[in-house]
Every structure is written in structure tokens, then in C-alpha cells.
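Asks: Below you'll find the structure I mean.
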């Protein structure tokens, strides 16, 4: 007799293909398959989003059969500008929502915030550390000043800094408890946990289309975590675009190390530029940033941008310099995978292949990662096939 999990899997695939001959909608309870058997899933993309989704699937079902297909993984993509996750700061910096889409996306950051708070205590090897976050604006902004929705919700110890305590030239400031993380280390933490304890296959391969993936793994649902919005036919989501960013990885002077390892401070300048410091735990150094260039294409660091970052930091973080010099360990260049209209997090069925899309996070991939993973896995577990 056919084993139960094989029967369930066969039934699932049959239901998915029913749309070829019927004219109504049906829902298959994938959560039952997770409870009673082994659910097979293919994840395309191994940045912070793809790895977080794999971890979430396995967290709900230790017997899940997961395959991750990607051109790069944390180690191989460390220096590739297009593997953006490893170039992130990374920290959580909340901000007031300017639109309904931003408010929706802010909820993903809160899911990550709650998860990372737990991991900071339970898994210090993940590199996650709870520290003080500080926002400074050198111009007036009503959304910040009125603490509009999306800014302070769920964030612990949030308070507006009294104006008489602000640095010279700053119009608004706020403090809160946030997290800082070494992105390379947290991705390795999740991936190694999956490989050691779960049924996870890692396939290093560049794919040209999601159809190629469906042919390699026929009948399996695909979670699309390609930052550039790769589509089934090999094209890319026309709403996707890249934002080139350049930051500096520096070493703080020994006498200032305690402060910079426990604070992330962000200045928004009146000329539209940004100046921030983000510690990378587990001796990962300090990130000094950063640029946002919508049309930039250079894969290597630009000296003009490096000098601008140094100049801005010299004014706002003078104690980060030793004898007038910044101890630069590396110049980072990354391409943030953004999308007009915000994150795409939805499912569709093409030629009988179930696809859950989860991409377009821009510079907030780490911040939204686990919250978005929770939503993506919810979609995966309650797949609705529109017939």
C-alpha cells in the first residue's frame, strides 16, 4: 500500500492540476501535509530572505524536505556586489510610514524584531545583539515629529529626545532599543542549523527562469526569493530596480569601542544624504555609511563617495577617528533590490506550478526578513489554486 505521505503528496499535485479542466476555486490544506507527512519545497535565492523562509518552514515542520537553489550562498557571495545581504549593516531602524504600502511592510519588520529579540538571548552565536538606536534629523519632518504610524509600534523603550538635548544642527531625535546583526553570521547560523538538523539540500546553480526550476523539480511549489524579481518565463519584474549603496567597514579606536559596539546612530542630513554607524557583532567591525544611488552601476568603490562618507562621519562621529584618520578595513558596494510599489509577497499558479513570490525588499531585507518569512510560509501552507 502507498505510504500516507506519498498519498498526500500525490493528492496535492492532482489538486493543483485540476484547474486545467475545472472552473471554480479550491483550497488545499497544506498544513495537514506538514502535520502528517513531508512537504517538499524549492526556494530560489539564498540571501537573508530565502534562508529565513527555509528556516521558518523547518521550524514549523522538522521533517520538511527543502531545497535551496542559488547562484550564491553566504560564503561564496561575500564579495559579490549583487549578493546584497552580506553587505548590509545591519540593524533595525524604524521610520514613520508615508503610505499604506510602507505601513504594511513595517509589520514585517516587527515580526523580525520579536524573533531577533529571542535569538539575541537564546542564540548569541547568531550575532544578534540588542543595542540602543538613535535617529537624528537635521531638518523638520512632521511624520517623525508626530511619531506617525509605523514608527514606534512594538519598539521597546521608544522616546523622543527633548530638543535641548539634541546635538547642534539637529531638529529631531528619538531613541529606542533595537537590534544589530552581522548579516553574514546570522545567515550562516540559520543555514548551518538547517543543514545539520533538517532535510535541506543546497544547490549552487544560477537559473535563468522559474520554469527551469519547475522542470528540475516537477510538481513542487517554488518560493521565489530572487532579489531582482526573476519570473517564470525568464524575464524580470519590470517594477524591480537596484539602488547602489556604498559603505565603509571600519575599526573603532579601542577607547571608543564600547560605545560603538552598543549604539547604532543614524543622521539624515538636510541635503538628502545619510550618515550612520552600525556595529557588526562578533568582532565584525563598524559600518559607516552610506550612499543611495538609484542609477549607480559601478561594482567597485568610488573614491569620491568614500571621501564624502569620511567627511560626513568626521563631523558627526569625530571620536571614531584616531589621529585624524579613519581605520578603514574594507569598502563595501552592494545593489539593494528594490521594487516600485513595495515588496511583492503573493502566490500564483503558472502551468500547474505553485509559486510564492517574496522579493523587492530594497535596503530593508534584514529588517523585514523573518516577518516576511512568516507571511510567505503562511501562503505556502494554505495555497489557493484559482481555477
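Just so you know, glycine gets a Cβ as well, placed from its N, Cα and C.
Bear in mind that TrEMBL entries carry predicted annotations, made automatically and left uncurated.
The model shown is predicted, which means the values in this text are computed figures rather than measured ones.
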Asks: Which single residue out of 101, 207 does TrEMBL record at the FAD site shared with 84, 85, 226?
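Replies: Of the residues offered, the record points to 207.
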Asks: Report the same-chain neighbours of residue 84 (FAD binding site): residues 6+ apart in sequence with Cβ closer than 8 Å to its Cβ, ordered by sequence.
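Replies: Non-local contacts for residue 84 (FAD binding site): 47, 227, 334, 335, 336, 337, 365.
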Asks: May I ask which residues of the same chain, at least 6 positions away in sequence, place their Cβ under 8 angstroms from the Cβ of residue 207 (FAD binding site)?
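Replies: 44, 69, 213, 230 - these are the non-local Cβ neighbours of residue 207 (FAD binding site), listed in sequence order.
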Asks: To see if you understand the setup: which same-chain residues, six or more apart in sequence, place their Cβ under 8 Å from that of residue 226 (FAD binding site)?
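Replies: In sequence order, the residues whose Cβ lies under 8 Å from that of residue 226 (FAD binding site) (at least 6 apart) are 44, 45, 359.
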Asks: Quick one: what's DSSP say for residue 207 (FAD binding site), helix, strand or coil?
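Replies: Coil, per DSSP.
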